[in-house]
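J.: The signal peptide annotation in Swiss-Prot covers 1-22. Feature annotation from Swiss-Prot assigns domain 'LCN-type CS-alpha/beta' to 26-89. Feature annotation from Swiss-Prot assigns disulfide bond to C40-C63, C49-C68, C53-C70; the stated evidence is sequence analysis. What Swiss-Prot records for L43, N46, Y62, Y64 is site 'Important for inhibiting sodium channels, in non-edited version', and it gives similarity to another entry as the kind of evidence. Per Swiss-Prot, the feature site 'Important for blocking potassium channels, in non-edited version' maps to Y48, K51; the stated evidence is similarity to another entry. Here Swiss-Prot flags N96 as asparagine amide.
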Amino acid sequence: MMKFVLFGMIVILFSLMGSIRGDDDPGNYPTNAYGNKYYCTILGENEYCRKICKLHGVTYGYCYNSRCWCEKLEDKDVTIWNAVKNHCTNTILYPNGK
């Protein structure tokens, strides 16, 4: 019985440590015009994911779990249309500003 109590305490301790630590790398998976995540084949840092992340308004991204992950990508910029609307400086699309 004592082993079960000790095991339970260890499980609770480790779960609390994980929740206290929080997210080390806040970010998100960006989505394209169809709502799908961008697929990538070269895991880790690569030019394709950096380019995708720049389209979404952040400067750094990499391939994680075969999808592009953009660090510090906010929820409002996850979809490509919202990212363009929030970061585009094209005066033809927005003649009076945003």
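These residue numbers are counts, starting from 1, taken along the chain as shown.
Note: Cβ is positioned from N, Cα and C throughout, glycine not excepted.
Describe the structural context of these features.
T.: Helix, strand and coil residue tallies for the domain 'LCN-type CS-alpha/beta' (26-89), in that order: 20 helix, 16 strand, 28 coil [DSSP].
All protein chains included, L43 (site 'Important for inhibiting sodium channels, in non-edited version') registers 12 other Cβ atoms within 10 Å of its own Cβ.
Cβ-based neighbour count (10 Å, all protein chains) for N46 (site 'Important for inhibiting sodium channels, in non-edited version') stands at 15.
For Y48 (site 'Important for blocking potassium channels, in non-edited version'), applying a Cβ distance below 8 Å and a minimum sequence separation of six or more within one chain yields Y38, C40, I42, C63, C68.
Spatially close to C49 (disulfide bond) yet at least six residues away along the chain are Y38, C40, G61, Y62, C63, C68, W69, C70, judged by Cβ distances under 8 angstroms.
Long-range neighbours of K51 (site 'Important for blocking potassium channels, in non-edited version') (same chain, six or more residues apart, CB within less than 8 Å of its CB): none.
Using a 10 Å Cβ-Cβ cutoff, C53 (disulfide bond) registers 26 neighbours.
Neighbours of Y62 (site 'Important for inhibiting sodium channels, in non-edited version'), defined as other CB atoms within 10 A of its CB across all chains, total 19.
Cβ neighbours within 10 Å of Y64 (site 'Important for inhibiting sodium channels, in non-edited version'), excluding its own Cβ and spanning all shown chains: 16.
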J.: If you measure from the Cα of Y64 (site 'Important for inhibiting sodium channels, in non-edited version'), which of the recorded positions L43, N46, C53 is the nearest?
T.: L43
